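Visitor: If you scroll down you'll find the structure; I have some questions about it.
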Amino acid sequence: MTQTTGREPDGTLPSGLQRAAIETAAPERATRPGVLETFEQRAHDLLSRRWAAEGLVAVVCAVVFSWWVNRPSPWWDEAVTRDVISRPTSEILDLTAHVDLVHAAYYLLVHGLVGPTESFVAIRLLSVVAATATGVLLVRLGRELGSGRVGLAAGLLWVIAPLASRYAQEARPYAMVALLATAATLALVRVCRKPWLRTRWAVYIACLAGLGLLNVIGLTILASHLCYVLATSAPRVRLRWYLAAGSAVTLLSPLLYFSSTQSGQVAWLPVPALERLSGFFEAQYETTWLVVGLLVLAFAGLGRGTHNPALALGLTWAVLPPVILWTISQVHPLYDWRYVFFTVPGTALALASLATLLRVRLLLVMLLALAIGGYHLQTVYRWEKTGHHENLRGVAQAIEEGAQPDDAVIFLPASRRVVKLAYPEAFGQVDDVALAKNGEQSDTLFGVEDSVEDIKKALRKRTRVWVVTSNVRLGETAVEPEQDKERLLYDSFRVTGVEDLGNYQVQLYERSPKEAAGIVATGAASS
């Protein structure tokens, strides 16, 4: 008896059953996700949890921004910060009444948080914290604009920008300014969503006031905010915004007025060429061609997936303040990269508008490409000697290692005493023979020097004099007292050693052996 199997003689299923089997198995295969799909789904599930994206960005920012934070030598402005915040509060106020009023709030804040310190790292870590908080607020900003993916992408795009690391590791206020600019923008979006809540208006005004206290130029972000309000809000909300912005500016009016009387502080700034403006945009991610290509892609995706609010708000934030300041600087020079650094989060937000257009894997490729493209500049900003442009640490080490008891030191010009402000302990064995009153005693940054005659008398008993000098800085001109100090050295000493340390130079002047022996003998006889 033959058993029926339902198969053809060759063992295959009849054609009808084959089609049924294929149709039955196809859905099973279609529902089986691949590795990438599984990764995307799990990542989405994880980051959808409350504060998960913020936590991820905070960790990445903290790691990247604190990486080698102690390595670069401090530069001029950082040395000033360390010296000023180590003074008593009353002396900080006395100083800023004459100079650096625009940074008074920063000095007082750091003085309160850190106090007198010899550690540049402690001060820089405040900038690290501020830059990390900026990344977290960008995540929140993306959520307020309606997309958690945009927020997460913006936070990650911020941290991989080399220029963000540069100012996140500086003992100056610019990372804090970026934080307050981001906070003010987040507050604006929130207030436009629920304009009837008075507390949101109060928070917005407070953020603007804090921004202006740390950097009055930061108020140029109001141009971006105006564009957002005009594009998204009803006339009554616009009127409230005008009142809020006006209130913040009114609160800052005393600072705006009195800081204008110290405009000589920025007299060194030249009229900026167009390359200074374009260079700022290029330096943010270094891979200019890639950034431009991504922005073109974002524009091409308008209406097809690009997050329009993020692109519009980000671009106006990134572009308008630098362009406005550059334009003003054609008449009254004020333009410098660090003054408009607070716009870099805007660039990150604009690029993050692609997060709703691209699939997760393509978004990761974009982030990786930008990170790799900017890695070299990330390391450049962390170089020990030139990461922050100046090697004050190397100058101080040269003096400390070469100095002998009774050596003298002269700074040419006097403002090069900034090295001593940075590392006072390195000058323990040398006498600052030209100094009459230090900065604290004179309510100045670099102190007040004696007359040339008094300096000449002080040098009569010296056989070795160290000279700290550097290249001429922007805005500096030859001053007669400085030229007289040089003549004193040339008339009585000869150069026996020169060490170049970047744009600084340490010189050693010595008397002839015969003169030196006479001075030593005279000193021994008088003792």
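Including glycine, each Cβ sits where the backbone N, Cα and C put it.
Fair warning: this is a prediction, and the values are worked out from it, not measured in the lab.
What TrEMBL records for 51-69, 119-138, 150-168, 174-191, 203-231, 287-303, 310-328, 348-375 is transmembrane segment. The domain 'Glycosyltransferase RgtA/B/C/D-like' annotation in TrEMBL covers 118-257.
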Visitor: Take the transmembrane segment (287-303) and find every residue of the same chain, 6 or more past its ends, with a Cβ under 8 Å from one of its Cβ atoms.
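Guide: Tertiary neighbours of the transmembrane segment (287-303) are 281, 311, 315, 347, 350-351, 353-354, 357, 366, 369-370, 373-374.
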Visitor: When each of 119-138, 150-168, 203-231, 348-375 is checked against the transmembrane segment (174-191) for Cβ pairs under 8 Å, which one has the most?
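Guide: Of the candidates 119-138, 150-168, 203-231, 348-375, 203-231 scores highest.
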Visitor: With Cβ distances under 8 Å as the criterion, find the stretch in 119-138, 150-168, 203-231 that has the most pairs with the transmembrane segment (348-375).
Guide: 150-168
Visitor: Determine which residues of the chain contact the transmembrane segment (119-138) at the Cβ level, with the cut-off under 8 Å and only residues 6 or more beyond its ends counted.
Guide: 54, 57-58, 60-62, 65-66, 69-70, 74, 78, 81-82, 85, 110, 113, 151, 154-156, 158-159, 164, 167-172, 174-176, 178-179, 182-183, 186, 345, 348-349, 352, 422
